[in-house]
Amino acid sequence: MSTTVCQVMGFIVSSLGVAGCMVSTAMDMWSTQDLYDNPVTAVFQYQGLWRSCVRQSSGFTECRPYFTILGLPAMFQAVRALMIVGIVLGILGLLVCIFALKCVRIGSMEDSAKANMTLTSGIMFIVAGLCAITGVSVFANMLVTNFWMSTANMYQGMQNVQNRYTFGSALFVGWVAGGLALVGGIMMCLACRGLIPEESRYKAVSYNASGRNISYRTGPYKVGSGYEPETKSRKGAGYEEAARSEDGRRSYPSKYDYV
């Protein structure tokens, strides 16, 4: 029961994480204009991964997409790629996880196959979460660098100072979504251990006698067999005395001692 609960909870948490990554990637507020020095302004600017927008005090908003790819910074394109890879891996992980759920029966699928599919989906969720967290962190690092560079230029008295940008709401959504996907992937990997069938540690081994059963008596030695005559003649009268070795131990007769 605990395995099923862990698997279902991992699926739900991972689904929320993947959905959050998609929402974060589509949002326009990755960076917003800093209004610390100018709280009253007629124009408010914010940018996303796909377009930049301007909102006027009247409420009118105009957005313009990025029509170029080569003109964008390399780190900006890397953030795009990381978010897209995270979304694709998350969607594939959800598809695999649906068929791997223990409560879903598809034909005669064994638990070992479900365990492998659960582990695969968990790894996909973990990688998707890491991609989302890495992409958002790289973009945040770019904002911090540009912010302090703009601040330094402002303190130096330069006239043409660009607008400073700070963290937007999309960054926080991306961090939370990446964390949820990462936690959901870990839960799926833990649920995989409960789906693996338990194997016996000790294997039963049967031992069979290689030869015929031979019964020994304290008297004259005789091999019992159902295919031989009951009595056989022996060589010499002192056979019993010859059966002892020099050190006093008794040696057993072999099959060549009989006639």
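Quick reminder: no glycine exception, Cβ is built from N, Cα and C everywhere.
Sequence-distant contacts of the transmembrane segment (7-27) (same chain, six or more residues past either end, CB-CB distance under 8 Å): 48-50, 83-84, 86-87, 90-91, 93-94, 97-98, 100-103, 118, 121-122, 125, 128-129, 132, 136, 168-171, 173-174, 176-188, 190-191, 195. Residues annotated as transmembrane segment in TrEMBL: 7-27 (among others).
The transmembrane segment annotation in TrEMBL covers 81-101 (among others). Sequence-distant neighbours of the transmembrane segment (81-101) (same chain, 6+ residues past either end, Cβ-Cβ under 8 Å): 7-8, 10-11, 14-15, 17-18, 21-22, 24-25, 49, 114, 117-118, 120-122, 124-125, 127-132, 134-135, 138, 174, 178, 181, 185, 188.
The feature transmembrane segment is assigned by TrEMBL to 122-149 (among others).
Per TrEMBL, the feature transmembrane segment maps to 169-196 (among others).
Annotated region 'Disordered' per TrEMBL: 218-259, in sequence order.
Sequence annotations record features per position, and here TrEMBL assigns compositional bias 'Basic and acidic residues' to 229-250.
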